Amino acid sequence: MNSGSSLDIAAVGLSHSPLIGKNDPAPEVLERVEAAVSGARDFVRDFDPELVVLFAPDHYNGFFYKEMPPFCLATEAHAVGDFGSSSGPLSVDSAAARALAESVLDQDVDLTVSARMTVDHGFAQPLEVLFGGIDRVPVVPVFVNGVATPLGPVSRIRALGTALGRAAAGLGTRVLFLGSGGLSHDPPVPVLDGAPPRVADALIEGHPPTAEQRARGEERVIQAGRDYAAGSAKMIPINPRWDNDLLDLLECGDLAAFDSWTVAWMGEQGGGSAHEVRTWIAAFAGLAAGGAYEMTSRFYEPVPEWIAGFAVATARRR
Ligand SMILES: O=C(O)/C=C/c1cccc(O)c1O
Ligand SMILES: [Fe+2]
């Protein structure tokens, strides 16, 4: 149980993958990942957050091209339960969400607000992994677009994280900023540009898939993970150097350096879904808004079976 006021803000970055438990790597890899995740769980338990601000992407389950915001804060949210993740309502702290939204807007950062956000494994998995479920801790979900081009500059995501960090300080509660996603990875998430009309229509309108369509889509991703691990897939390879450079910047607190990362360069280096690292940048910017911080744990391993440069990091104020 946390008692020190100097520990009132903390951050965790955690990669997600819907292939965890479905297409697992060798037992020794799994053991290393589980040890790192268990360390993050201990960190969170000791910090004992009263509120979690969760930055996560969506994979065309909640946000579609009909309206695709760069980011969006939810005052209520429910999970669809894709890839066997939890479904149902998240325990959103609506009052805190509204207060945070107002403060962010007052700080001149344009913010979309959803009073009924649909989220997927990007939100559900970190809540399950760190808290044991999607309804165990008061949360403010913040969608960060990490797949649907065009994507805006990283500086705006950093500005969002900073504004939320300042806003959270006004709540007077222990807040954990949690980023879900990345690092480098190139899963077969559909792309609007050049998509056949039926796919384009689904990406724009967001027709809920039938159970059969969802199962087929998920099997396609699982098979892609198998092919990737076998070296027979055409996806952009996981890029450990890029991933570790990103973790280095987060560790030394040089978050302004991310502002020069262009969308095109990020995609070339880290694949189509590398933009999910925006969630990490937002979470660490939230922590940095409260002053200097230290990264207290850092784990990284490329896991092609999960189509993920998989990382876990924890950080708190100095
Ligand atoms: O197809 C999806 O919905 C997502 C796939 C995926 C695969 C691996 C890592 C990730 O972060 C993903 O979102
Ligand atoms: Fe993802």
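The backbone N, Cα and C atoms fix where each Cβ goes, and this holds for glycine too.
A TrEMBL annotation is a machine prediction, not a hand-curated record.
When other Cβ atoms within 10 Å of the Cβ of HIS121 (active site, proton donor) are tallied across all protein chains shown, the result is 26. Residues annotated as active site, proton donor in TrEMBL: HIS121.
Secondary structure from DSSP puts HIS185 (active site, proton acceptor) in coil. For HIS185 (active site, proton acceptor), the number of other Cβ atoms no farther than 10 Å from its own Cβ, over all displayed protein chains, is 31. Taken from TrEMBL, the feature active site, proton acceptor covers HIS185.
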Between HIS185 (active site, proton acceptor) and HIS121 (active site, proton donor): CA-CA distance (Å): 16
